[in-house]
Amino acid sequence: MPAACDSVLEDIEDIVSAEDLKPHDRLLARKNVFPKVRKRNSQKNVQADDDPPSDSIIPGAQKIWIRTWGCSHNNSDGEYMAGQLAAYGYKITDDSAEADLWLLNSCTVKNPAEDHFRNSIKKAQEGKKKVVLAGCVPQAQPRQDYLKGLSIIGVQQIDRVVEVVEETIKGHSVRLLGQKKDNGKRLGGARLDLPKIRKNPLIEIISINTGCLNACTYCKTKHARGDLASYPVEELVDRAIQSFQEGVCEIWLTSEDTGAYGRDIGTDLPTLLWKLVEAIPEGAMLRLGMTNPPYILEHLEEMAKILNHPRVYAFLHIPVQSASDSVLMDMKREYCVADFKQVVDFLKEKVPGITIATDIICGFPGETDEDFQETMKLVEQYKFPSLFINQFYPRPGTPAAKMHQVPAAVKKQRTKDLSQLFHSYNPYDHKVGERQRVLVTEESFDSNYYVAHNPFYEQVLVPKDPLLMGKMVEVNIYEAGKHFMKGQPVSDARVYTASITRPLAKGEVSGLTEVSKR
């Protein structure tokens, strides 16, 4: 498996007068029916003026390019926005040059990600493209100079993306940054049954909650996503069932902290997982997302039972960040190294072969050489097969940005040392010769193989045979690398179709009723 890879404002709708009927109002009049896809082939050869008056523009006829950075939660948001825009009639394009509007969905975790986002805005403006901004960067800091005058869609307002795009195409600047609430209680976000375009038609990403219960001193995402807000169990199960009915064979559960799920609504993660397991068809799989140590500690016994289920990957992403208790205290991580070890040791004992992935920050403010050596010892002890190594970047507005910083050269050297340690061991060599059951779901980055995963969510490359895509097959492992294994399908083994129905075509909109497809 490869290594990898916030102030709140009320809604501001500038320029749109109170008398104007907004797209949102028109859509609300058509309850439970999604916007009809508009066909405007006659518009293809019409040459528009450079700056046509807004009343001459027909929204829904334009081409939109969407770029998403960051986590699977952000990717899910991007899929939902693409689906709504396509359902309304906009053409989603992979060609940024031909697009009329760029929708840039940002990540605020690291400085480099925001730098890419900022550069993309500049490139769009130079190319005279209309721009709509989304994701955690503008939600967390909407008043930054380089965001002035640009339309913004907040992380909890993605169900209103059609409005924002429509007004932006007309030349208006619109900002929707409010929180969704029900009787004063913050909700998890937009509805889960909105149209979406899955990046991979075989994989459904479901956000089970947004925000978290922590206040980590280095984290900017908290400023954007806020405190914990969970979706009800029944809504999540319904979404999973709908996904399977559309040909999905693998579900990823995601959030800022899956382990904290339900604490705000009187339930918990194991309760949700058992309900989801009941809905997973034979051959399909569920992958659990990142959970912090404090919240998984309370449910270790139950989580071990769930991770042993044949339709759940024996995989868990548990960020440790540092093996120094003093550094963890400065980070306000609310656990100590002993807690992390307790979780890992218990799961390794109760779930044989489980894959534990973790994250480490190198050079957090105040980290001494002794602190860092403790982290090196932890990696040496557990030899994590998946390790996400991050050099510390101070994010503006966070407490850690005001702390005494470790020199850049030291941070860089520690990152290099940890990377060298990680690459000094090969976690899969002992598996050569094994016979494994794998689920094939995607194409490799170099397009030479199909990518499958075994029950431990370890990456297995298989021959690029179209008959294998979306199938559960048995393979013989004949080669192992640092991040993957290679497997040859067993000729006499059963090939099982994981999807209960034909998957949607790539680019096809999920969640549309037959009426709205006409």
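Backbone N, Cα and C define each Cβ position, glycine as well.
Under the heading domain 'MTTase N-terminal', TrEMBL lists 62-170. With DSSP classes pooled into helix, strand and coil, the tally for the domain 'MTTase N-terminal' (62-170) is 53 helix, 24 strand, 32 coil.
The predicted model assigns the domain 'Radical SAM core' (198-429) a mean pLDDT of 95. Sequence annotations record features per position, and here TrEMBL assigns domain 'Radical SAM core' to 198-429.
Residues or ranges marked as domain 'TRAM' in TrEMBL: 429-491. Residue counts of the domain 'TRAM' (429-491) by helix, strand and coil are 6 helix, 32 strand, 25 coil (DSSP-based).
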